[in-house]
Amino acid sequence: MLRSGYLPHVKAWSAVLSRLASAPDGGPTLALKLFDTITRRVRRFSDVTMVADSRPDTAAFNNVLNACANLGDGKMFLKLFEEMPEFGLEPDILTYNIMIKLCARCNRKDLLVFVLERVIEKGIPLCMTTLHSLVAAYVGFGDLETVERMVQAMREGRRDLCKILREANLEDFNEDEENEILNSNQIGVSVFEKLLPNLVQGSNREPPLLPKVFAPDSRIYTTLMKGYMKQGRVTDTVRMLEAMRCQDDSKGQPDHITYTTVISALVKAGSMDPARQVLAEMTRIGVPANRFTYNILLKGYCQQLQIDNAKELLKEMADDVNIEPDVVSYNTLIDGCILVDDSAGALAFFNEMRTKGIMPTKISYTTLMKAFALSGQPKLANKVFDEMLKDPRVKADLIAWNMLVEGYCRLGLVEEAKKVIQRMKENGFHPDVATYGSLANGISLARKPGEALLLWKEVKERWEVKGEGGSSGSDSDSSSLPLKPDEELLATLADICVRAAFFQKALEIVACMEENGIPPDKTKYKKIYVEMHSRMFSSKHASQARQDRRRERKRAAEAFKFWLGLPNSYYGSEWRLDPGDSDC
DNA sequence: TTAGGGTTAG
C-alpha cells in the first residue's frame, strides 16, 4: 500500500525507460533522470520487501544502459553497470548487446571482438541477437569486408568468429596506426578496461570459439545488404538478394524487409523501373509490400520529378493493395511538388491529407512552409506557420522558425527577417547556423553590406564563446551561446564584405576561416577584387582631405591584396588591370 | 525492451 503511493511497478517504469532510451529530443537524458529518481527512492527503504515490485530488474538496467549507449556516455554506462550487483543482478546477453552498441557509438571498433569474447568466457548463452548487433556495428563502421568474412564463416558452419574479428583488428592497426592511437582516449580506455576485464590480457590469449554454430539469417544478410546500399553498391545489393534466394536455409530467405532494402537501393540510384519490378516480384511470390515500401517508391518518383507516377502509385496503394497512405506519404508528395516548383500542388496535397483525416506533423507544416518560402511567397509561409502555432498537436521548432526566416530572406526582405529572428528569440529559440545563413543570403541579395557587419559581429561573438552551458541572462539572449559557423555562412559574409570594399572585415573573416581549418576560396575573392576594385583609389581629382580619409581603407585593401597574393604595394610593384589577368 | 527497412525541416 505504502509502496504503490510512491513507486510504480518495475514493469511500468521500465517500459517508460525503454521508450525514452531511444526517443529523440533528450529522451535518453530523461531516461537517466527517471532511473536515478526511482532507484534513489527504492534505496531509501531499508525493508526491501516493501518495494520489491519496484526494484529495478535486469531489463530496467538494460533500458537505462541503452540510453547511455545512445548518448555514447561510457562513464555513465560503467557507473550503472557496476550498480547491478547491488540489486542482486547480473548482466545478461542483452546487456552485452547494448555494450556492442556503446563501443560502436564511442568509435571503438577494436573492442567489439572483446565484448563477444567476454560473453563467451562468462558462459552467457549466446544468441543470434548478439551476432545481429555485431554485424550492425561493423556495417555502421562501413567495414563490409569483415562482415562478409563473418557471414562466409557462419555459412561454412565455422565457430572461429573471434579469430576473424581479431584479424580484422590487426589489419586496421597496421593500416592506420595513427588513427588507432587517436581513438583510444584515456577516459575511454579505463572505462572499457573495467567493462571488459578480458581486455587486460588482450590479444595475447587465444580467441575462444563460439559455443555453437550460427547460420546467418535474413536479418544478417539484410544488414550487410544495407551496408552495400549505403555505399551505393547497387549491384552487390541485388546480387545479395539473388544469393539469398538461392540458398536453402529457410531462415535466410529474403523477407519483406530484404526486398524493401533492395527497392530502396534501386530508388537511391534512380532506377525506378527495376525498383517497380522488384515490387512486382514481391507480389508474385507472396511477400507483401507495406507502407514503407510504397513510401520509398513515392520518394523515388518525386526525386525523379515524376509527380504523375507518384500520384498514380498513391492511387494504386489505396485502391489495389489496400495500404492507406500516411503522413509520410503525403509529406513526400508535398516535397515532390516543391521539387517541380508547384506550390499550389503542395497545398493541394496538404489539404487532401487533412480531408482524409491524416493529421499533419510539424514536418508537414514545415514542408508546406518551404513550398511557399522557396516560391517567393513568405506571407503564405507565415500563414502556414500561424496555423502550426494554432495546432495543439504540433510544436513549432527551430526549423520552422528558420523556414520563416528563409522565406523573407529569399526575397531580400532583411527587415522582415530580422523581426522574425527577434520574435523567435523572444519565444526561446536561438538562431543557429541555418538562421544566420539565410540572413546572410538575404543581406547579400538586398545589397545591405552594413547589415553584414552587424551579423558578423553577432556571429563572431557567439563563435568566441567557448565551452558549453555558458548561457546566462534572459531567454531571448543567445549571445552567450556558442555557435560554430559553417563554411557557407562565412563565405557569404566574406563575399559581401569584399564586394562592399570592407577589406578589414573581409580579412578578419577569412582569417577566422583559416584558423578554423576552412579554406577560403581565394580565387573567387580575387575575381571579385579584380572585377570591382582594381581601379579603386585611382581618382586623381579627390581633395587632399578625402584622400587622407581613404588612407586607412587603402591600407586594408593592400593587406587584402597581399592575402590574395595579388601584386600590391607591399612588394613595391606597380599593378594594373589587364583583362587577360582576371582569370587567375 | 538491444540488433535489419522509409519520409521531412537551411
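The backbone N, Cα and C atoms fix where each Cβ goes, glycine too.
What you are looking at is a predicted structure, and each value in this text was computed from that prediction instead of being measured.
Annotated features, as they stand in TrEMBL:
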- A:57-91: repeat 'PPR' (REPEAT)
- A:92-126: repeat 'PPR' (REPEAT)
- A:217-251: repeat 'PPR' (REPEAT)
- A:255-289: repeat 'PPR' (REPEAT)
- A:290-320: repeat 'PPR' (REPEAT)
- A:326-360: repeat 'PPR' (REPEAT)
- A:361-391: repeat 'PPR' (REPEAT)
- A:397-431: repeat 'PPR' (REPEAT)
- A:486-520: repeat 'PPR' (REPEAT)
Other parts of the chain folded back onto the repeat 'PPR' (A:217-251), taken as Cβ under 8 Å at six or more residues beyond its ends: 128, 131-132, 135-136, 139, 142, 144, 147-148, 151, 154-155, 257-259, 261-262, 264-266, 268-269, 271
Surrounding residues of the repeat 'PPR' (A:486-520) on its own chain - C-beta under 8 Å, 6+ positions past either end: 433, 436-437, 440-441, 443-444, 449, 452-453, 455-456, 459-460, 463, 528-529, 532-533, 536, 553, 556-557, 559-560, 563
Tertiary contacts of the repeat 'PPR' (A:92-126) (same chain, 6+ residues out, Cβ under 8 Å): 58-59, 61-62, 65-66, 68-72, 74, 77, 81, 133-134, 136-138, 140-141, 143, 161-162, 165-166, 168-169, 172-173, 180, 183-184, 188, 192, 195-199, 202, 207-212, 214
Tally of DSSP helical, extended and coil residues in the repeat 'PPR' (A:255-289): 27 helix, 0 strand, 8 coil
Surrounding residues of the repeat 'PPR' (A:397-431) on its own chain - C-beta under 8 Å, 6+ positions past either end: 362, 365-366, 369-370, 372-374, 376-378, 381-382, 385, 388, 438-439, 441-443, 445-448, 451, 475-478, 481
The repeat 'PPR' (A:486-520): DSSP-derived helix, strand, coil residue counts: 26 helix, 0 strand, 9 coil
